[in-house]
Amino acid sequence: SQVSFEEESQNPPAVGHWKPLMPSKGDKEEPEGGCQDAGGVHDPQSTEQLNVSRLRSSSVEIREKGSEFLRDELHKAQKELKLKDKECERLSKVREQLEQELEELTASLFEEAHKMVREANTKQAAAEKQLREAWGKIDMLQAEVTALKTLVITSTPSSPNRELHPQLQSPSKAGFRKGHGRNKSTSSAMVSAASQNVAPEPVSRECKEVDSTLFAEFQAWKESPTLDKSCSFLDRIYREDVGPCLDFTKQELSELVRVAVEQNTLTIEPVASQTVPVGKVAAEECGGPKKCALSGLPRTCKHRIMLGDSGNYYYISPSCRARITAVCNFFTYIRYIQQGLVRQDVELMYWEVMRLRREMSLAKLGFYPSEM
């Protein structure tokens, strides 16, 4: 009877006990009561199945968490990719803008460089022209200075050099006879009126007396010689001699002549030795061989003047030429004094200035040599 009881305990009946194939999570913590009730012995097969179910549930959780993590990473990567695409697009626009600005800057630099080269070439050509003109004027002035030095050394108002002044009839008619006059230059006429051959006059002793006011004004000017007409010496001569002498009928042209004389840019030349340039002389404005441009009267014009480098010639009558020549000779002499080329006593220079003023006075009254 004891043996039969043990066999029955080892093989319990199936009625009233069942075992699930896939236990739930709640079953994990509750051991099978039937087995324990039957004698406390675990079934190896059920334990193995329980472990398998646990592994499967863990793998499912891992896969879910892994897929969720990958989705988050993918979403982040997509966002970063979009941001990088936008950044690339922005940088591409910046590069295109910089390239366009660089092209415009290069074009403007080339244009500016070409402009600067053109301006430099123009300035260089103008400078070369001015240099050539300056060298020509320097050569002319050097020749004039040499001639003036020779004249000053060998001729004085009291004892003029008759070889340099063949027009003088006698020593008593001396007095620095146009030593400063130039045969052809930009500051004075061909030859001054007093340098021409004049009719013989009776030899007489000329009495002279120094005017204290005029001499004081000349001495003050001689201390600091200048061509500014605001000083008392030149102001008086402008009012009394230069102004009336250059006051012609054609006021506008008279003003241009006065300015040219002051600036040393007046040229007088004989008509017979020059041919009139085509298109440079207006018959009505510049007169003609039979009409004076300054007086507007019908006169035989043997000379013509040019003001500066204008290229326009104006025909002038002998009387107008004598008046212009007298003023030019006065300015030429005071320029020589200003430059220190006249080395004489102050009184001798004063009397030479007075003689030149007398020539301007005679010329403005209409007196001039017949050779004019």
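Yeah, the Cβs are placed from backbone N, Cα and C, and that goes for glycine too.
Positions annotated as region 'Disordered' by TrEMBL: 1-59 (among others).
According to TrEMBL, the feature compositional bias 'Polar residues' maps to 44-59 (among others).
The feature domain 'GDP/GTP exchange factor Sec2 N-terminal' is assigned by TrEMBL to 65-133. Counting residues of the domain 'GDP/GTP exchange factor Sec2 N-terminal' (65-133) by DSSP class, helix then strand then coil, yields 69 helix, 0 strand, 0 coil.
Per TrEMBL, coiled coil is recorded for 67-115.
The annotation compositional bias 'Polar residues' is assigned in TrEMBL to 156-172 (among others).
The region 'Disordered' annotation in TrEMBL covers 156-197 (among others).
Under the heading compositional bias 'Polar residues', TrEMBL lists 184-197 (among others).
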*Determine the mean pLDDT over the coiled coil (67-115), rounding to the nearest whole number.*
92
